[in-house]
């Protein structure tokens, strides 16, 4: 039976009319309805008379569209209702007086104004009563309802705008909008897959054009010397890296707003408890102008406007978050003051201020840091202390009590130049220096022993110091010929540290050797900042006024593996690695902090 052939024929079935409603083009209540019905009757009779004729054939033809419907059948029937309320003359007077207070230019009706507090005469009462009896209902217009005064309206609107519920709702809405705008870039920052909208069709032509532009950019980057190393040099240094793609930087977004324009980024610091919160300090680009500064807390959830804004009287030179209490932010100023803010509070008032301290700094606070107490300290809780180095040559420890006060850990003294004297040469009397203390520019504490720290001076020397013990200075490293702007211990190899200076160079030091091991110098420009990469022991980044450089000592000791020129609008001033991403943060003199993605770098070496 399965193999037997069966023929099935498909044919049209008879049409079954379930519902047939002839169209109605003219209302039966219209004036021309009788004439139209007469014409329809004549037409039906004509068709019936022609049905038996040989010249008559019934078929479908295209006819003209019917006439437009009349107004009576274009919408549903409008139902009208009559509503009213009983009022007294005093209610009318009170409502009219209230409307006249709101608009004093309107005329008062006769016989009604000014009688709200007294009863009307008998004649007027009789007239009013007759009017109410003759009219079935009186409709009071909306303008006659007692309205609020202008002061009450303004107060009510201000209460709505300043309410906490509205502020919280606006924050939630702002978060949603920022997630929609920066979703793809934040996914790249967090190393997550980029989600695409399935409702939006992908344009293959646009994708091919983007791929061609990317290929062209790669070719241009390979040709430029400042973008990457030559393939021949790479092949000589590391054969594994020569075949890979050239390292490059790709900008994701920038932290900027109108408040930061005209300021230079002086320092940046990540929050110890929230890795998405970044503190940025701003000061005037010209250091001689003692204008107002700015400290902002930026969040990755809103790259277009800071979460907290702190206005200060002088430029911000340094800042850092506390480790034991991440809500505390310490800020150092050009005037020598130290401020502490509570970023968890929406209020921008200062929590603690050192301006009233008798031991406050007389020079700019170039760097400050929250440092944990030594591991051998007694007590179960980890205590930390706030340390500063300033232009008055002092390294101070600040005590946080009811007010800020400090004590000196070190006073940096000036060193005399050691020149060989020829025999018989008479020593000339030299004028005494204005200050016997050399300005301190930077410091960094040992990652394992917080009692040991390095201090860079304006004379170009680096001092190894101790917080405890009789000898405060353990050694001096001489190699720079200009002020030392930054020193940084290697977080993995704790006996090695870097330094950068205004002499256009960066030096690599060993703790036991008082002369530099390596010198890195590429362009004649001040090296403003350096920082070690958290993922690799051999990688560090340096920034000068012209460009940013990424050095990988496992690849080359002579040239950086990646260089990126600064924007022509401003100069680069500070640098910082992201804590949980392959990104680099660059601050410039225009008040912008760019977030750049590091691509195609060599694998981290142990």
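Placed from the backbone N, Cα and C atoms, the Cβ positions cover glycine too.
Predicted automatically and left uncurated, TrEMBL annotations should be read as such.
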Legend entry - Feature region 'Disordered' in TrEMBL, mapped to one of the ranges 95-138, 139-182, 271-314: 95-138
Inset, instruction - From the ranges 196-235, 316-355, grab the one TrEMBL calls region 'Disordered'. - result: 196-235
Inset, instruction - Could you tell me what the rest of the chain brings near the repeat 'WD' (477-509), counting residues at least six beyond its ends with Cβ under 8 Å? - result: 439, 441-448, 454-464, 515-521, 523-532, 534, 537, 540, 542, 544
Legend entry - Structural state census, the repeat 'WD' (477-509) (DSSP three-state): 0 helix, 18 strand, 15 coil
